[in-house]
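Participant: Here's the feature list from TrEMBL:
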REGION    1-21  region 'Disordered'
COMPBIAS  12-21  compositional bias 'Basic and acidic residues'
DOMAIN    198-622  domain 'UvrD-like helicase ATP-binding'
BINDING   Gly219, Gly220, Pro221, Gly222, Thr223, Gly224, Lys225, Thr226  ATP binding site
Amino acid sequence: MRAGRELSNQETRAERELHEEQEFVDRLHERVDHLRGATAEELAEALGPVGNAAQARLERDVRVTERSGLLAALNAVGSSLCFGRIDLAESEGGGHHHIGRLGVRADDPELTPLLVDWRAPVARPFYLATGHTPMGLRRRRHLTTGGADGREVTALHDEHLDLADRERTGHEDHSGDDVLLSALGAARTGRMGDIVRTIQAEQDRIIRAPHRGVLVVEGGPGTGKTAVALHRAAYLLYEHRELLARRAVLIVGPNPAFLGYIGEVLPALGETGVLLATQGELFPGVHATAAESDHAAQVKGRAAMADVLARALADRQRLPEPVIDIEHDGAVVELDEALVAPVREKTRALGLPHNAAREHFEGHLLNVLTEQVADRLGADPFGGPNLLDASDITQIRDDLGDNPEVWSAMDELWPVLTPQGFLADYLTEPGHLSEEDAAAIRRAPRRAQEWTPADVPLLDEAAELLGEDDRGRLAAEEADRLERIAYAQGVLDASYASRTYEFEDKEELDGDASEVLAAHDIVDAERMAERHEEADHRTAAERAAADRTWAFGHIIVDEAQELSPMAWRLLMRRCPTRSLTLVGDPAQTAREAGAGSWDEILAPYVDDRWEHTRLGVNYRTPAEIMEVAAAVPRVAHPDFHPPESVRSTGVRPWARAAADLPAALTGAVAAELPEEGRLAVIAPRELHGALAPALREWLPDVRAGEGPDLTRQVVLLDPRGAKGLEFDVVLVVEPGRYEASDLYVALTRATQRLGVLHSEPLPAALEGALG
Ligand SMILES: Nc1ncnc2c1ncn2[C@@H]1O[C@H](COP(=O)(O)OP(=O)(O)OP(=O)(O)O)[C@@H](O)[C@H]1O
């Protein structure tokens with residue numbers, strides 16, 4: 001009887017708790033809805049016309065940026081606006097805080113905090129507190145919301161961190177671990193989601209690590225490296241908003257499909273100040289997607305290429321072979337090696353980039369040509385000093401400067417080059433390399449500008465070596481400025497013409513009218529022209545994408561060990577403050593183009609001043625699959641330890657030998673396709689053509705070699721393209737053809753089930769390991 005009453009009291013308490021949280025969540029959404037409307041209105045107002053004063057325009061720009069950021073955050077809240085609550089111990093003053101995706105204050109005079117942003121220091125114990133170290137907490141609560149609009153509180157999970165606390169809420173049956181496990185076991189959508197509800201302590205420490213310096217995060221497959229890197233970006237943007245909103249954060253990922261996969265995480269967290277890019281997109285104006293051999297990419301990635309390009313450029317600073325004849329003033333002026341070599345040396349000695357030095361080359365060359373002409377014209381037949389005076393010499397120099405033959409000689413000897421033009425020329429005839437390496441990267445002239453990702457660091461290197469001959473740009477800017485002044489002058493003249501009329505008109509009505517119009521007198525055309533310059537409303541990330549010399553506030557590199565030494569040179573140029581987070585796993589790295597150990601990568605830039613940290617728990621791959629996959633790196637490293645899987649499913653991975661692979665694949669996909677979620681077929685690229693018809697039922701329009709659409713229920717990938725991705729079910733085809741690191745990647749992509757299909761022998765590591 002007594003037990004029965006207690007039980008019903010518990011039920012009542014549990015219901016009351018749920019009801020109270022529902023009321024709170026309703027109030028919260030109401031407040032956010034109101035804020036959203038008000039912010040949208042403020043933004044519309046800010047985007048409206050403002051006066052011409054520079055101050056007003058500046059203030060408007062700041063307001064627009066702020067309001068747009070806030071609106072993006074408010075629009076992003078989606079369903080789990082509030083997902084946690086922490087109750088403080090009596091010793092900490094009691095009370096509680098709700099934790100959510102963004103900070104929200106009540107509409108009262110004190111602006112009482114309603115919801116604490118997950119990134120705020122107050123929220124930290126939500127992620128870190130344990131029974132052993134409660135961090136001042138009495139209780140931690142996970143709120144799960146759902147329903148049609150995502151606003152219904154569907155479950156609470158309470159953990160008591162003070163073990164002496166006997167109070168029960170009726171929601172203690174499941175712990176925070178169940179919330180994590182249900183997130184991990186959920187069907188995949190083809191897009192990565194955020195993990196703010198369930199960030200684990202080891203991950204939280206990395207996410208909130210100080211932003212200065214280089215932080216290296218290593219961890220096996222599925223340890224949350226990518227998730228952590230993205231949440232770190234969100235955290236840094238929150239913590240250092242002022243700096244990073246201006247300088248933007250760059251996230252570099254291994255391929256476009258991967259960027260598509262992770263692309264929604266930061267916007268869902270309300271952050272827009274981030275540029276996501278692959279290596280192939282890091283040179284503005286170039287979209288480098290052409291393919292090439294591993295050998296070619298490896299040659300291009302070597303650090304020595306910086307020197308090779310510098311030498312190739314020096315080759316373009318030519319000497320006459322043997323002479324260039326210039327017709328001038330009825331005679332021939334001879335440009336030979338003896339004359340040009342000292343000019344070239346003098347110009348090189350300035351240490352300027354090639355294009356920037358061109359102006360000096362022109363000056364020096366004109367001087368020696370002038371001397372030659374003056375020697376001839378002013379020679380005293382009786383052997384005395386030259387008969388020409390200073391003005392004659394100036395005249396000769398000016399005349400030479402007007403002679404097109406002089407300019408074409410200059411273009412031959414010291415041409416102004418673009419990075420694209422220079423590199424394309426180099427690749428059609430690669431010098432300063434062994435014959436074998438040159439053959440690997442040589443390109444037919446008609447394909448010379450089909451850029452590959454490995455070309456991008458070379459283009460950037462070339463741009464550095466070339467510098468800018470900015471005379472053209474400056475002249476264009478000056479012409480533009482003059483045009484604006486002329487326009488402004490026209491406007492002023494027009495308003496002056498109407499002035500008398502308006503003035504008279506107004507004066508009759510208003511004695512102050514002369515004051516208003518007097519403003520005209522102090523605005524000259526030049527200042528008015530300045531005011532007509534376009535306001536730049538692009539975000540910092542958008543401006544950064546278009547600017548090769550942009551210095552980012554922070555750079556995050558996923559799969560960082562894939563990058564070549566030349567790619568590191570490019571990235572370090574984009575990050576002069578050396579504020580970087582590098583994420584990678586050596587066991588998943590194809591070493592061909594990679595830069596080797598972290599020490600080797602980083603020593604040239606930061607010496608040994610970098611921090612290393614590891615993630616050790618696998619949140620993706622069930623233990624059964626991990627056991628099979630770990631055998632692959634163990635072949636070369638017998639003491640290899642994979643990260644520990646947080647889950648097991650009880651389902652063993654299987655292997656099936658089949659003479660007719662396409663038929664076997666069709667059968668396997670039909671049998672394994674999850675009701676909800678995604679299935680990936682990972683197969684060597686050369687088999688895609690033969691396998692695509694077998695997938696027609698699910699992928700009717702797929703063509704071999706196409707970028708995958710990860711939101712389809714079935715996806716066809718090669719092992720490199722599978723990097724960083726995950727699927728509910730994975731079928732690996734012909735694993736005997738993969739390199740070990742690629743095979744390890746392919747085998748660790750599944751969150752639920754793994755199957756292997758082969759017609760050729762299995763690699764030794766998999767033999768006997770599969771059911
Ligand atoms: N704390 C967490 N809560 C919920 N899900 C998590 C958590 N940590 C990681 N995950 C999930 O685990 C999966 C693997 O994470 P992620 O892709 O970041 O791992 P990774 O280390 O980058 O893997 P890989 O090196 O294999 O690409 C993702 O689905 C991610 O959302």
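Indices start at 1 and increase along the chain as displayed.
The backbone N, Cα and C atoms fix where each Cβ goes, and this holds for glycine too.
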Participant: Which residues, in sequence order, are found in the same chain with Cβ within 8 Å of the centroid defined by the Cβ atoms of Gly219, Gly220, Pro221, Gly222, Thr223, Gly224, Lys225, Thr226 at the ATP site, excluding those residues themselves?
Facilitator: Asp585, Leu615, Asn618, Tyr619, Arg620, Pro643
Participant: Which binding-site residues, if any, among Gly220, Gly222, Lys225 have a Cβ under 6 Å from ligand 1, given in order along the chain?
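Facilitator: Only Gly222, Lys225 qualify.
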Participant: Who sits close to Thr223 (ATP binding site): which same-chain residues at least 6 apart have their Cβ under 8 Å from its Cβ?
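Facilitator: Same-chain residues close to Thr223 (ATP binding site) (Cβ under 8 Å, separated by 6 or more) are Leu615, Gly616, Val617, Asn618, Tyr619, Pro643.
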Participant: Taking the Cβ of Gly222 (ATP binding site) as the reference point, list residues of the same chain whose Cβ is under 8 angstroms away and which are at least six residues distant in sequence.
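Facilitator: Asn618, Tyr619, Arg620, Thr621, Pro643, Ser645, Glu726, Thr748 - these are the non-local Cβ neighbours of Gly222 (ATP binding site), listed in sequence order.
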Participant: Could you give the number of helix, strand and coil residues in the compositional bias 'Basic and acidic residues' (12-21) as assigned by DSSP?
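Facilitator: Per-class counts: 10 helix, 0 strand, 0 coil.
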Participant: Please report the three-state DSSP label of Thr226 (ATP binding site).
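Facilitator: In three-state terms, Thr226 (ATP binding site) counts as helix.
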Participant: Applying a 10 Å Cβ distance cut-off over all chains shown, what neighbour count does Gly224 (ATP binding site) have?
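Facilitator: Total other Cβ atoms inside 10 Å, all chains included: 25.
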Participant: If I take every residue in the domain 'UvrD-like helicase ATP-binding' (198-622) and average their pLDDT values, what number comes out?
Facilitator: 84
Participant: Any same-chain residues 6+ apart from Lys225 (ATP binding site) with CB under 8 Å of its CB? Would you list them in sequence order, or say none?
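Facilitator: Counting only residues 6 or more apart in sequence, the Cβ neighbours of Lys225 (ATP binding site) under 8 Å are Val217, Glu218, Gly219, Asp558, Val583, Gly584, Asp585, Leu615.
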Participant: Around Gly219 (ATP binding site), how many other CB atoms lie within 10 A of its CB?
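Facilitator: A 10 Å sphere around the Cβ of Gly219 (ATP binding site) contains 23 other Cβ atoms.
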Participant: Between Gly220, Pro221, which of the binding-site residues has the fewest other CB atoms within 10 angstroms in the structure shown?
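Facilitator: Least crowded of the binding-site residues Gly220, Pro221, by Cβ count within 10 Å, is Pro221.
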